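Written out below as structure tokens is the structure these notes cover.
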Amino acid sequence: MDAPHLLAGLNDEQRAAVSAPLAPTLVLAGAGSGKTRVLTHRVAWLVQVEHVSPHGILAVTFTNKAAGEMRGRIESMLGVPSAPLWIGTFHGIAHRLLRLHWRETNLPQAFQIIDSDDQLRAIRKIIKSLELDESRWVPKEVMWFINARKDEGLRAKDLKDEGDPNRRQFIKLYELYQEQCDRSGSVDFAELLLRAYELLRDRPDVLSHYRNRFRHVLVDEFQDTNTIQYDWLKLLVGPTGVPFAVGDDDQSIYRWRGAKVENLQQYRRDFPGVQLFRLEQNYRSTGNILEAANALISNNTGRLGKNLWTSGERGEPVRLYAAFNERDEADFVVNRVRDWTLKGGRRSDCAILYRSNAQSRTFEEALLAARIPYRVYGGLRFFERAEIKDALAYLRLIFNRVDDASFERIVNLPARGIGTKTLDTVRNYARANACSMWQAAGACISELGNRLGQSLHGFLVLIEQLDQQTRNLPLHEQVDHVINATGLVAYYKQDKGDRGEAKVENLEELVTAARGFEPDEAAQMPALANFLSHAVLESGEDQADEWEDGVQMMTLHSAKGLEFPIVFMCGMEDGLFPSQRSITDVGGLEEERRLCYVGTTRAMKQLFMSYAEQRRLHGTDTYGTPSRFIKEIPPEFIEEIRPRIQVSRPVYVPRSSGSGRMEEERPGGIRLGQRVRHQKFGEGVVFNVEGDGSNAHIQINFERHGMKTLVLGYANLEPV
DNA sequence: TCAGTATGGGTTTTT
DNA sequence: CCCATACTGA
């Protein structure tokens, strides 16, 4: 009954978790402790030892990458195709459920998924149609509001305005947006989850079917679940299911988009007698790096508690570099990369991590100048490119005429003489008759002038024709025909420079993608619909040039789950990391600290941290202080490179005189990084100074009141 | 209708 | 400073 090969090579805790009895389980898995291993071995264990049918197992992850990795590993372990197993992202699984049960959820069969870009457009359109001021009703904020409510499982009708007219308006916009989506058959990301939840909640027949089927539900990165995901899981598992959750509260870095670490605790409450396992042995980092990470994260409150250890060597200390400015910082990194490659290391062993994407620029320039290949992660992905979305919009409209967003996107692209005036007419008609743009367009032709009517008619005919012509073609020929017959390819060919060329190439790449596309058999839908959904759900991270050996650059967020022999954590300055906005609230600061922890634990052999005294940010020079996180790491784990002679430089550097007179101190001794006291705001740190004399504007980061800009002459500051 | 200029705003990201 | 969008003039 045992399967030694499944437990071989695992440590005691891992083995215990993998072979745990069939009861609710929680595995607290620290960074680099072999969490994916446990998850995949557990699935194999269920199948081979417990003789659970793969048909009865559901494994959920957050990213397609994680899902793919898991699928691959399980397949090779079981030695059979893993098709009967449901492995996927929350969104992917939800989508599959909705495809199978579109009737029960009141969706049209042709429903389409929209990405956040489409969602924002739709919301903006609604705000405009109500003639609201976009600066007062910021589309992004509205979107955020709607998504946050959906993540909590709330519909517009569930919300009360509480006498707040502001809130009332938001709720109204939510309602209108949802009506619009329902009319056009669009489902946004949050809606996928919410509908899937409502499906189980409201349809006992469906619920019991899936409860019977999926007795075993495994969840990765449990700390990242939001309310609706958790409720959905709980519903699905019910009283009889066997959940197996893996997570790490210290790596929860998505609170800002609705993730609830508390779900880890909630899980233990909802499933009394949860078997708890802790994986604390780290197989990734050296002792020094690990100790530094442990010390850092111990500053957070309310942790579930866990201390990583390693049996490996101490390794080298964390190296700290104080750069003069961001250029110097980049040069430092480039030189360290060079050291590594000269010793025979691969460039891809090095990762440059930063807090915000904008920081990548300086590094790119420096690497470019040094002729070191690199790769930046997390830019615009394939299916998010404008030209691709244009092509997809045609396909979507062909598939589903009531898709207004797609209609508006391509009705005049390439230009065919359908301008604002024509569209206004159509829009008004559509609104007045509560019908789709497509229908409205048909009805408006006669009342438009000869020429305008003709153009519009031409468009309608084009779409109809494309539908007729491509209906029975294989998917890739369908795509190929559409991009050519609509004139899209010709249109982008005109674009000047290699920009246009690249776009045409991308369109051709789309045809290739369509050719290689394998439909999801289980979802039971036409290949085109399947392809369109796939494009939105898996916008395509894998780039073509993956094979070139290049330095890896990415944000700290996107580094989660990865590991590199050499890691550079850059821009370690208060205000940047931790970010300015997070500093004012405690929860925010703790999340930043976890982010720092995640970054630190990515490093296997060497970890470099750097900060710049002076940094050009949004066009102006700012003077930062080292990140508070650096001070939270005990000095014995850190080695400063190029010991600093002077820690804080005087604020006042005469520019105009250009003389050799250096660094005069301001009266009152105001220096950057200096602690000062203000009568009203209390204590703070001088963050930046612009101008000079008593007219100088001085920016101070107050402990209680956050960042304030004051005029030096009036501020009455007292050095502390 | 389009190109060229003014304006504003600027964590983090997956799906 | 760099980008994305809105507005203006031919």
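Yeah, the Cβs are placed from backbone N, Cα and C, and that goes for glycine too.
What TrEMBL records for this protein:
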DOMAIN    A:8-286  domain 'UvrD-like helicase ATP-binding'
BINDING   A:Ala29, A:Gly30, A:Ala31, A:Gly32, A:Ser33, A:Gly34, A:Lys35, A:Thr36  ATP binding site
DOMAIN    A:287-561  domain 'UvrD-like helicase C-terminal'
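TrEMBL feature annotations superimposed on the structure.
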{"residue": "A:Ala29", "record": "ATP binding site", "Cβ contacts under 8 Å, 6 or more apart": "A:Lys35, A:Val38, A:Val246, A:Gly247, A:Asp248, A:Arg278, A:Leu279"}
{"residue": "A:Gly30", "record": "ATP binding site", "Cβ contacts under 8 Å, 6 or more apart": "A:Asp248, A:Asp250, A:Arg278, A:Leu279, A:Glu280, A:Asn282, A:Lys306, A:Leu308"}
{"residue": "A:Ala31", "record": "ATP binding site", "Cβ contacts under 8 Å, 6 or more apart": "A:Asp248, A:Asp250, A:Gln251, A:Asn282, A:Arg284, A:Ala293, A:Leu308, A:Tyr597, A:Val598, A:Thr601"}
{"residue": "A:Gly32", "record": "ATP binding site", "Cβ contacts under 8 Å, 6 or more apart": "A:Asn282, A:Tyr283, A:Arg284, A:Ser285, A:Leu308, A:Glu563, A:Thr601"}
{"residue": "A:Ser33", "record": "ATP binding site", "Cβ contacts under 8 Å, 6 or more apart": "A:Leu279, A:Glu280, A:Gln281, A:Asn282, A:Tyr283, A:Leu308"}
{"residue": "A:Gly34", "record": "ATP binding site", "Cβ contacts under 8 Å, 6 or more apart": "A:Leu10, A:Asn11, A:Gln14, A:Leu279, A:Tyr283"}
{"residue": "A:Thr36", "record": "ATP binding site", "Cβ contacts under 8 Å, 6 or more apart": "A:Ala66, A:Glu69, A:Met70, A:Arg73, A:Asp220"}
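Sitting within 8 Å of the Cβ centre of A:Ala29, A:Gly30, A:Ala31, A:Gly32, A:Ser33, A:Gly34, A:Lys35, A:Thr36, and not among those site residues for ATP, are the Cβ atoms of A:Asp248, A:Leu279, A:Asn282.
Neighbour density for A:Lys35 (ATP binding site): within 10 A of its CB lie 23 other CB atoms from the protein chains shown. Taken together, the residues of the domain 'UvrD-like helicase ATP-binding' (A:8-286) have an average pLDDT of 93.
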